[in-house]
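Notes follow once the structure below has been shown.
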Amino acid sequence: MSFSVDELARIAIDLQSDIGHTDRFSRLITTLRQILGCDASALLRYEAHQFVPLAIDGLAQDVLGRRFALEGHPRLEAIARAGDVVRFPADSDLPDPYDGLIPGHESLKVHACVGLPLFAGQTLIGALTLDGMDADRFDSFSDEELRLIAALVAGALNNALLIARLEAQNVLPVQPVNDAQPERQEIIGLSAPMLQLKKEIDIVAASDLNVLISGETGTGKELVAKAVHQGSPRAANPLVYLNCAALPESVAESELFGHVKGAFTGAISNRSGKFEMADNGTLFLDEIGELSLALQAKLLRVLQYGDIQRVGDDRSLRVDVRVLAATNRDLRQEVVEGRFRADLYHRLSVFPLSVPALRERENDVVLLAGYFCEQCRLRMGLARVILAEAARNRLQQWSWPGNVRELEHAIHRAVVLARATQAGDEVVLEPQHFQFAVAAPMLPTETAAAAPAIEKVNLREATDSFQREAISRALEANQRNWAATARALELDVANLHRLAKRLGLKGSPPGKNSAG
């Protein structure tokens with residue numbers, strides 16, 4: 001055998017190390033790369049017809065954020081279907097998923113590739129991939145030796161998956177790995193703040209507590225809400241979404257609680273509200289800080305007593321609904337200033353979740369960039385979307401005031417720009433494809449010079465200043481047409497008028513022309 005006793009011992013020790021799964025697998029992959037002499041190695045978890053990287057060595061860091069759907073990666077599909085060691089010949093016409101993703105070899109194609117499917121019983125749970133730039137890199141290792149490696153790694157991976165499920169569900173016994181489960185919403189990130197958030201999601205999801213999710217715009221609060229619902233006993237029942245910021249005051253109560261025929265002009269039939277739709281499930285109220293005080297009082301009653309009244313109906317209806325609420329405001333400050341009910345705040349914030357801003361998430365920007373690159377590749381029918389090292393550095397230097405949403409849009413825009421100037425079905429993203437400054441977020445123009453410096457104001461004042469400037473610019477761009485401005489800002493026009501009035505941008509109701 002090509003493996004020495006000492007080398008096998010190193011592998012066994014790495015698999016049994018008393019450290020976290022992520023660190024254990026990273027060390028294992030590094031050891032395997034050294035023993036096998038390959039240029040790149042990766043451990044992948046299999047779920048929902050795709051491979052998810054758990055640990056890599058010798059590959060670009062953004063690979064950890066990519067999700068390799070079988071339908072778009074024929075080599076990985078071949079590994080998943082093989083049931084045994086797969087050796088791809090150097091002249092294979094199947095594209096390697098890591099072409100262009102090995103630092104220092106971006107312009108070269110991977111030559112030698114070995115795939116080891118990992119099984120728990122008869123169920124595929126992952127794969128180990130080994131890549132080399134030389135065509136004969138793995139010829140000295142027999143299939144028997146590689147099967148031994150696969151068996152050791154598969155056992156460790158299966159144990160890690162079972163332990164993770166135990167920790168998430170906090171129940172015994174667990175269901176077998178191959179049982180059908182509702183698809184969990186994946187939250188990408190390995191930074192300390194995100195690992196803590198994932199742990200808190202697992203804790204609160206198993207309960208039936210109402211949850212308040214706070215965070216800046218674009219951080220992924222809706223994704224967190226989906227993860228809480230999908231990890232809860234209500235996962236098989238509906239998750240109903242309502243954006244409170246997009247609710248005109250005139251229909252907000254009907255949207256929440258429903259109405260009966262004839263309750264108001266235009267009510268031509270009975271209609272269920274969001275609470276009825278979410279019965280036995282979960283209701284996600286996004287931007288809950290935008291609700292009026294009157295509606296807050298009615299929402300509080302539902303949380304207290306579990307009954308609702310349709311508009312125009314004297315009868316009460318019982319509902320069993322878990323409420324998840326999200327806000328980008330500091331609701332404690334809103335309570336102090338009289339814009340949010342203290343009793344409702346306390347009802348919602350028994351177990352609050354805070355979603356960190358992207359600038360606080362260390363290297364997660366690279367993982368997320370890889371994820372969005374792979375999404376773009378699939379959507380645009382490209383063979384590869386590669387993030388050049390200089391581009392990765394540029395992304396890490398930006399402070400991302402728009403958070404994950406801004407990063408997603410930046411990647412999509414960069415792919416479109418790069419594709420327009422590069423031939424073929426492979427796109428390489430370079431720094432020039434990202435159109436923003438490097439050192440800091442773009443500063444406001446001279447017209448906004450009077451905006452208060454963030455260091456000298458609290459969060460509320462800074463947010464108001466930003467909103468005031470954004471609305472002012474949108475109004476100018478739309479010739480002060482309020483309806484067009486509302487569309488540009490993706491707001492309901494009535495909500496835009498209320499917000500503008502609160503910010504001191506208007507003092508009277510809109511005239512006839514402003515609606516138009």
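Cβ atoms here come from the backbone N, Cα and C positions, even for glycine.
The structure displayed is predicted, hence computed values, not measured ones.
Residues near Asp57 (4-aspartylphosphate) in space but far in sequence (CB under 8 A, at least 6 apart, same chain), listed by position: Ser26, Ile29, Thr30, Leu32, Arg33, Ala40, Ser41, Ala42. Annotated 4-aspartylphosphate per Swiss-Prot: Asp57, in sequence order, evidence recorded as sequence analysis.
Positions annotated as domain 'Sigma-54 factor interaction' by Swiss-Prot, on the basis of sequence analysis: 187-416.
Thr282 (ATP binding site) falls within a strand when secondary structure is assigned with DSSP. Sequence annotations record features per position, and here Swiss-Prot assigns ATP binding site to 215-222, 278-287 based on sequence analysis.
According to Swiss-Prot, the DNA-binding region annotation covers 482-501.
Using a 10 Å Cβ-Cβ cutoff, Gly218 (ATP binding site) registers 20 neighbours. Within the same chain, the residues at least 6 positions away from Gly215 (ATP binding site) whose Cβ sits under 8 Å from its Cβ are Lys221, Ala326, Asn328, Ser354, Val355, Pro356, Ala357, listed in sequence order. Counting every protein chain shown, the number of other Cβ atoms lying within 10 Å of the Cβ of Lys221 (ATP binding site) is 24. Of all the binding-site residues listed here (Asp279, Thr282, Leu285), it is Asp279 whose C-beta has the fewest other C-beta atoms within 10 angstroms. In this structure, Lys221 (ATP binding site) is part of a helix by DSSP.
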